[in-house]
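Scroll down for the structure; my scribbles are underneath it.
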Amino acid sequence: MTYNLLAARGLTVGYGATPVIHDLDFDVPQGRFTAIVGPNGCGKSTLVKSLARVLATEPGMVTLDGKHVQAYRPRRLAQRVALLPQHPTVPEGVTVRGLVARGRYPYHGALRQWSPQDTPAIDQALNDTGLTELADMPVAALSGGQRQRAWLAMVLAQQTDYVLLDEPTSFLDIAHQVDVLRLCRNISNQGRTVVAVLHDLNQAARYADDLVVMRDGAIVAHGRSDTTLTSSLVSDVFGLDSMIGVDPCSGTPMVVPVAD
Amino acid sequence: MAALTVLLGATCILSLFLGSRPNGVADVVDVLTGDGEPHLANVVASRIPRTVLGAIVGAALAVSGTLIQGITRNPLGEPGILGIGVGASASVVTGTALFGALSATGTMGFAMLGAIIAVAVVLVLGGRSSARGIVPLILAGAVVTAVLYAYINAMVLTLPQVFDSYRFWMVGSLAGVELSRLGQVLVPLVIGFCLALLIARGMNALALGEETAISLGFRVGATRLIGIIAAALLAAVATAIAGPISFIGLAVPHIIFALMGEDFRWRVPAALLGGALALVAADVLARVIIRPQELMVGIVTAFIGAPFLLMAVRRGAVTT
C-alpha cells in the first residue's frame, strides 16, 4: 500500500456500451506537473474525470492512498483531489472572491459554514493568480484569460494535493495560454501534483515535467517531457509526419509538421 | 436584510389596522390593549391569522421558487413547474366532485395530498435525472401539468357545482383562514424551511456546474433531491393554506436576486422575509383597493408583483 498515491488500476470507463478507456493502469507522478496529450476522443478527459471521481467508476479502479475513492466521504476526498472541468458555469453576478470562496466548501459542514483558514487560503489563492486587485469584480466582467485565472484560484483555495485540469488552455489566446501554463508550473513548484489535459504538444513539452500520451483509450507513452516526444510517436498517435526540433528558448522538443 | 425585516414588521402592523371597512387607528389600539369595542375586536382578531398565515404562505412560496430557479437554472422557474399547484387543484376538484362542497380542513387535506402526489409523479417520471441533467424533470413537470389541467377543465365544465367552488379556490385567498390551519402543516413547513437553509451551500456549488460541484465534494443527485423535496413541501403547504397563489414564487426570487446577489446563503433567508412581506402587503391592498368589498389576494399579487419584477429586469440584474 503506497501512501499519498492517486492511481488507476484496470480502469474501464465509458459513456455507453463501448468503453472509452479499457483496462488502463496509471500512477499519477507525485509532486510533478504531468500533461496528458493525445488526439481528440482518445480518453484524456475521461481519464482525469475518472481520477477526480466526477465520472463514476467501479470500486478499486481508482484509489487514493491505496483506498478506493468510493470509501472516502466526498467532502474528505475534495480536500485531497480537485478538478477544474472544461466547461464550468459562472453563476450570474458572482464576484471573483465569491467564486474563489467556494473552493473552501470541502472544509465546511452543513452547520459550520466557515473555517478559520478560509480567509488566508482565499487571499493566498487570489495573490498566486494575480487577482487580488480584481477580487470584487463580477467574474462575468473579466476577460477569458482572467476568468480562467479565477477558476484556477478557486481550485487553489481548495488546497488539495492533486490539482487536475481538463483542457485549461482551450479557447484562450496564446498569451493567456502561456499565462495559465506558467501558473500550472508555479502550482507544481509549490509542491502540488498537477495533471492537465493539453492539446499543444510544444507547450506540453515546454511547461510540463512529464508527458502522458494517449491513443484509443490507452496510454502509449509516459515519460519525461524532454525525451518522450519522437517523430515516430507523433506519427503513430496523431498520424502526422513531423520533425522534432528544439525550442529556441527552453531547449525542449518542438514538433514541426513536415513540408507538404 | 435588516431593511426587509423592518418593512415586514411595518406591513404586518398595517395589516392589523387596515380592513375592507375603514376604522380608526385609535380604535384598533384600544382593541389591542384589551378594551375596544367588541365588534371591532372580532374584526381585528380575524386579521391576526390572516397576517400570520399570509406571511407564512408568502415566505414558503418565495423560498420554494428560489430553490426551483436554482435547481432548474430556469429563469421562469417557480413551484408550478413541478405540478404542485395544479396537483392540488386537481385533487380539490376531485374531492368536491365526490363529496360535494368541502370543509376548510377537507380542502386543505385534499390540496396537500394532491400536491405531494403530483410532485412524486413528476419525480418518478423525470427522476434518475443526473444522467441528462434537469431537463427530464422539467419535461415531466410540463406533462403532468398539461394532463391535470385537461382533467380539471373536464371536471369543472361538466359539473357546475364543482366549478362554483373551484373558481374561488383556484385564485388563492387568505380570507377566512384560521390559525388552527397552521397546526396541520407545521411539521412539513418547518422541515421545508430547515432543508432550504441547509441546502444553500449545495445550491451555490451546483450553480458552478455538476462536475465542479462533485469536485467540491457535493453529491449532486442528493443535493438536487433535497432541494426539490424542500421546494415541494413549502409550495404544497402554501397551496393547502391559501390556494394556488400565483406570481410570488416567480417574482420574489428574481427581486431578491437583484437585491442580494447570487449567494443562496443570503437568498434563501431573504426570500423568506421578502415573500412574507410581498404577500402580506398584497393582502392589505386586496382589502382596501375596492372598499367596502375585497379582492382575492391571488389577483393582487400579480398586479403588485409585476412592476417590481419589471424593475428588477430593467436594472439588468435578471437575464435569461
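Cβ from N, Cα, C; glycine included.
Here TrEMBL gives transmembrane segment for one range in the set B:246-267, B:268-289: that range is B:268-289. It is B:80-102, from the ranges B:11-33, B:80-102, that TrEMBL records as transmembrane segment. Nonlocal intrachain contacts for the transmembrane segment (B:50-68), taken as residues 6+ away from its ends with a CB within less than 8 angstroms of a stretch CB, comprise 8, 12, 15-16, 74, 77-79, 81-82, 174-175, 177, 179, 181-182, 189, 192-193, 196, 199, 203, 227-228, 230-232, 234-235, 237-238, 241-242, 245, 248-250, 252-253, 256, 264, 267-268, 271-280, 282-283, 297. Residues 48-49, 52-53, 56, 59-60, 63-64, 66-67, 104-105, 108, 112, 223, 226-227, 229-231, 233-234, 236-237, 240-241, 263-265, 267-269, 272 of the same chain, all 6+ positions outside the transmembrane segment (B:179-200), place their C-beta atoms under 8 angstroms from a C-beta of that stretch.
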